[in-house]
Amino acid sequence: MSKNIKILVIGAGVAGPAVCYWLRRFGFSPVLIEKYASIRKGGQALDVRGIATHIAREMGIYDQICEMRTRIERGRFVDSSGKVLHEEQGEKFGFRQDDEVEILRGDLVEILMKTIADVPCYFNQSIISIEQNADNVTVIFMDGRIEQYDLVIAADGIHSAIRRMIFEKNEYQLIHLGAYLSTFTIPNYLGLSHIDLECEANNKLVSINSDNNPEIARAGFMFRSQHLLNDIRDEQEQKQFLRDTFRDFGWETQNILNRMPESNDFYFDAITQVKMNSWTKGRIALVGDAGYCPSPLSGQGNNLAFVGAYILAGELKVANGNYTRAFTRYNALLRSFVDANQKFGVWVSESFLVKDEVSKEIAEERSNKILAMIKSISNGITLPQYESS
């Protein structure tokens, strides 16, 4: 197989543009598609930490990430009446240390997309069929076009359509960790400035913060529940579930929920892990949350995406496009790092959403444990060195 192979990358989140960057840098010809009409703005706050900060520097984007980072200066735990129980400096409140940075998902994707300006990118594009044989992969697009590629890399997230198309149901597991997460923006009606407020009790958590844009506040909800929605993707069912769950929670909860209809960036999902014995099948590979989501609560999905993208592209380079050899190495090199991060994801899920209100002692003990564990886990892989073409 010639090195300059044609590779279709699906998904313009974090992992998709990241793997396109490294593929292009290593001499391949990637093409990126995204089902949405444009880059989604805002979104959850993501951390760039550990080994991912090294990769970001290698990509030349670390300084840009720092410039666009969130700037929460203080975090406060409050009770149901709004009384402050405990206050922490913003970086510790977000479990960050050293050169680690928090940035909104949309801002990070925008930075990544600028690094691949020379890569063909097609929005509002999705796939209805994929078939592979010994020579190539035939892809049928929603608009009826039929194209052939040497390889396909799916970076289309935790609910990956490509994973469902290619892998049998017994080849992957979506493990619900017994909790849900929702975020959305609303007007900054409390007049918050670079501060994050959280109320956590009865296995539920409500937060609201505002930093770079003083007009906007970002609300967050987390809660434990074994209830499974009839349709996890139905936004109206999600919102009603949220209202029912937090009906009597107190604090600012009802004021936030009353403003929820004003939001245009509502996000809701089960806190879930994706587990697989192999992230590749034939000529198709999964990268990021599509293959190994550690859970949104872990704060590590972004870092796994950076590391996975780098190793997948690098191994294809070393193998000179021999995908069988490269995919075998990709699975082997990443396995222990993924396993450690997924174990951490379970531990974090069990450590949050406590029964009682968060006292100073509980908050500090939890912060110190997480800071110690995450430093080790986020640096728990030695990256191979791949020479650029």
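Cβ from N, Cα, C; glycine included.
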Of the candidates Arg96, Arg105, Arg218, Arg335, the one that Swiss-Prot places in the FAD site of Ala12, Gly13, Val14, Ala15, Glu34, Lys35, Gln44, Tyr267, Asp289: Arg105
Residues that sit under 8 angstroms from Gln44 (FAD binding site) by C-beta distance, when 6+ apart in the chain: Leu104, Arg105, Thr183, Tyr267, Pro296
Residues that sit under 8 angstroms from Val14 (FAD binding site) by C-beta distance, when 6+ apart in the chain: Leu46, Arg105, Leu108, Val109, Leu112, Gly288, Asn302, Ala305, Phe306
FAD site span - longest C-alpha distance across Ala12, Gly13, Val14, Ala15, Glu34, Lys35, Gln44, Arg105, Tyr267, Asp289, in Å: 19
Spatial neighbours, same chain, of Glu34 (FAD binding site) - Cβ under 8 Å, 6+ residues apart: Ile10, Gly11, Ala12, Gly16, Cys121, Tyr122, Phe123, Asn124, Gln125
DSSP three-state assignment (helix, strand or coil) for Val14 (FAD binding site): coil
Conformational class of Tyr267 (FAD binding site) under the three-state DSSP mapping: strand
